[in-house]
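*Asks:* Provided herewith is a single structure, encoded as structure tokens, for subsequent inquiry.
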């Protein structure tokens, strides 16, 4: 096996610590001394040698000790179980019930599928980190997790926009709803959401790989995000900053504007209805979607703002990132299950049959 080289000069003050670590890897180097970080030179560039860490270290929640992290793993596992069972139940119910094969429910099935994958990408690794205290995550594994998190978030944003368009057509142009949102059209919208999420975020791992990481490799979250990995680099990150800002504005920013515009038109149409009962009934069909939009976009916008302001990552960054990634997969099935009569009745029927 080829040994992993250390980028430490033999005349460096760290050379003595390095020899101790190589000869006795489990020895305590004492106060003020740290085990050298594994840095792998990848290739030579005009600006010097490109250096990647063998792994990153996930911090979890800064300021909390291992004991608190350990106990936090149990509610996290419960949330993962809720997210998995809830989203899986919605997908299966919509799949089985042919009367639910309508645009609104088909988009809901897409949303639940994305939430199911997103929670599986983040929560098991977080639970493992909290339970075992093992912080290491491989460099390429971290980049893969980062890509999936951002791409799936973009897909969820696109599906939320499609659901807003569905509500707009259903309320503002009810006679054209069946002809506009046909089965093939819904399938094409889903494929477009999948393609856009993949295409826009596929370059992220590659523009991160062009950077050198010769400083700390502590990721101040429980998962890998583009902004945090970028901050660990000692190279020029202007390309990453510009491209990251471009995709957040052109994907989530544009989606949120169109969703807001859709609801302005919906509200205008609802207020023009003669009957107050009809207006409340029409707007009530949007409540679940509005909750999903707020749960997704409010933490996302807040997280983007605090990251763009710069400065060291604080506890607020970490909490908002956790809310942004962990809350929607748990909350969406509960909200849609409670507010959608067809899904609620089907779930109750399943429980009643299981209890007999």
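Here, residue 1 is simply the first one shown, and the rest follow in order.
Positions of Cβ are set from backbone N, Cα and C atoms, glycine also.
Small disclaimer: the values here were computed from a predicted structure and weren't measured.
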*Asks:* Which stretch does TrEMBL mark as transmembrane segment, out of 46-69, 70-93?
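*Replies:* Based on what TrEMBL states, transmembrane segment spans 70-93.
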*Asks:* So which residues does the transmembrane segment (143-165) touch in its own chain, when a touch means Cβ under 8 Å and the partner is 6 or more beyond its ends?
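*Replies:* Contacts of the transmembrane segment (143-165) (Cβ under 8 Å, skipping residues fewer than 6 from its ends): 104, 107-108, 110-111, 114-115, 117-118, 121-122, 125, 137, 186, 189-190, 192-194, 196-198, 200-202, 204-205, 208-209, 223-226, 229, 247, 251-252, 255-256, 258-259, 262-263, 289, 292-293, 296, 300, 325, 328.
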*Asks:* Taking all residues of the domain 'G-protein coupled receptors family 1 profile' (86-336) together, what is their mean pLDDT?
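*Replies:* It averages 88.
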*Asks:* Test the contact criterion for the transmembrane segment (70-93) and the transmembrane segment (315-336): 3 or more CB pairs under 8 Å, pairs 6 or more apart in sequence, then answer yes or no.
*Replies:* yes
*Asks:* Please work out which recorded stretch in 241-266, 287-309, 315-336 has the most C-beta pairs separated by under 8 angstroms from the transmembrane segment (105-123)?
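*Replies:* Result: 315-336.
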